[in-house]
Amino acid sequence: MGSNGEKLELEFDDEIPFSSSQGTNKIDSLHFEAPYIASPRSYLSTRVLRKMYQISLLRSIYIVIIKAKINVLLPFGPLAILLHYVAGKHAWVFFFSLLGITPLAERLGYATEQLTFYTGSTVGGLLNATFGNATEMIISLYALNNGMMRVVKQSLLGSILSNMLLVLGCAFFSGGIIHHQKVQVFNKATAIVNSGLLLMAVMGLLFPAVLHFTHTEVHFGKSQLALSRFSSCIMLIAYASYLFFQLKSQPNLYSSVSEDGENNSEDCEEDEAPEITQWEAIAWLAVLTIWISVLSGYLVDAIEGASDSLNMPMSFISVILLPIVGNAAEHANAIMFAMKDKLDITLGVAIGSSTQISMFVIPFCVVVGWFMGKPMDLNFQLFETATLFITVLVVAFMLQEGTSNYFKGLMLILCYLIVAASFFVHVDPSKDGD
């Protein structure tokens, strides 16, 4: 028994160093091979990430630029710039710039719609109005720097009229035709607040005009300018307060119409999904806005020559034709959202854009002109101010019920035709710089 036990102990002792050395060898081999295994994986992962980024970028370019059929009009933009420097024919430059801006406006609406998937309807409508009005603001600053005050006033006034009557009317009409079997509803709180801000803007534009034409100024020519600058600062404060109230103080007041509306919006979000990422949408918004602004500059330079070639009054081109081009983005967006039964975003685009122009862009141009030494004021002449006042009243009555249909849209479009005909026979008593 003892010899057998010694044999077992010897065998066990002989096996221990062999097994331990084998284990250490395995462990050492693993430690030795680990760095060589990890580096190819990290290298492959970086290559995969780069490949995915390139595929995402190419896919984004395909979706935004190539996929839409309307982008066949994109070459007219560079062609308008080429004609501006080569031929100098203003009528053709005006026409080609109009065609070149059209697909850009549609793509701007698409990129904004993609961004609303990440931001929501309230912020999405504000972004829509902001990017849509970037063109008008750049055109206004460009004209203001050249001393073309009447072009600034008439184009901004025309932009407000176009958004409130033509854009909103076409959106209501299109949405009412598509959804004729039900009543489309929207948030009345947003409409009422925007109507109040628009009436405040009319007040700011009315008093300088009345003060000037009744000859009741303390200092003729200076009192209306001082009043305009003071009123512009007040309007900017009011608009900033409105943004804080809408986005921070009481955002739930503007979020949805009712529980049914929330359910419908959730169903729509389940059916639809964003095609591009949030940062891609923001990048495309910036690129498209810059390109629209470039073409808009050539469009402004060709206005006077186009007016002489087409035998049209400058006031008609500034108030009617130019805002239609500048509001092409809002026009496409509002109709697109109304056809998808997203009227809250439609109001944010159309009425929100008008509110932003009247309460921010116009006062901003007055303040910028103040620093530039330009006599930019809020005296929009009695004819233009009266047109704006009647338009705000008509739209406010249309929005007070919180519902829309194709008949309301048709009425707004017909009202815009009356306004367009009025400016076609209107002779502007003032010249640029007055």
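Note that Cβ sites are derived from N, Cα and C of the backbone, with glycine treated the same way.
Taken from TrEMBL, the feature domain 'Sodium/calcium exchanger membrane region' applies to 90-247 (among others).
Sorting the domain 'Sodium/calcium exchanger membrane region' (281-423) by DSSP state (H, G, I as helix; E, B as strand; all else coil) yields 120 helix, 2 strand, 21 coil. Summarising the annotation, TrEMBL assigns domain 'Sodium/calcium exchanger membrane region' to 281-423 (among others).
The feature transmembrane segment is assigned by TrEMBL to 60-85 (among others).
Here the transmembrane segment (91-110) has long-range neighbours at 64-65, 68, 70-80, 83-84, 128, 131-132, 284-285, 288-289, 291-292, 295-296, 298-299, 301-303, 305-306, 309-310, 325, 328-329, 331-333, 336, meaning same-chain residues at least 6 beyond its ends whose C-beta is under 8 angstroms from one of its own. The transmembrane segment annotation in TrEMBL covers 91-110 (among others).
What TrEMBL lists as transmembrane segment is 122-144 (among others).
Counting same-chain residues at least six beyond the ends of the transmembrane segment (156-179), those with a Cβ under 8 angstroms from any Cβ of the stretch are 133, 136, 140, 198, 318-320, 322-324, 326-327, 330-331, 334-335, 337-339, 341, 343, 346-347, 349-351, 353-354, 357-358, 361-362, 365, 380, 384, 387-388, 391-392, 394-395, 404-413, 415-416, 419. Annotation source TrEMBL lists transmembrane segment at 156-179 (among others).
Residues or ranges marked as transmembrane segment by TrEMBL: 191-214 (among others).
Marked as transmembrane segment by TrEMBL: 226-245 (among others). Same-chain residues lying 6 or more positions outside the transmembrane segment (226-245) and placing a CB less than 8 Å from one of its CB atoms are 126, 193, 197, 200-201, 204, 207-208, 211, 355-356, 359-360, 362-364, 366-367, 370, 376-379.
Here TrEMBL flags 281-300 (among others) as transmembrane segment.
Under the heading transmembrane segment, TrEMBL lists 312-329 (among others).
Residues or ranges marked as transmembrane segment by TrEMBL: 349-372 (among others).
TrEMBL lists 378-399 (among others) with the feature transmembrane segment.
Beyond the transmembrane segment (406-427), the same-chain residues lying 6 or more positions past its ends with a Cβ under 8 Å from any Cβ of the stretch are 161-162, 164-166, 168-177, 180, 312-313, 315-316, 319-320, 383, 387, 391, 394-395, 398. Annotated transmembrane segment per TrEMBL: 406-427 (among others), in sequence order.
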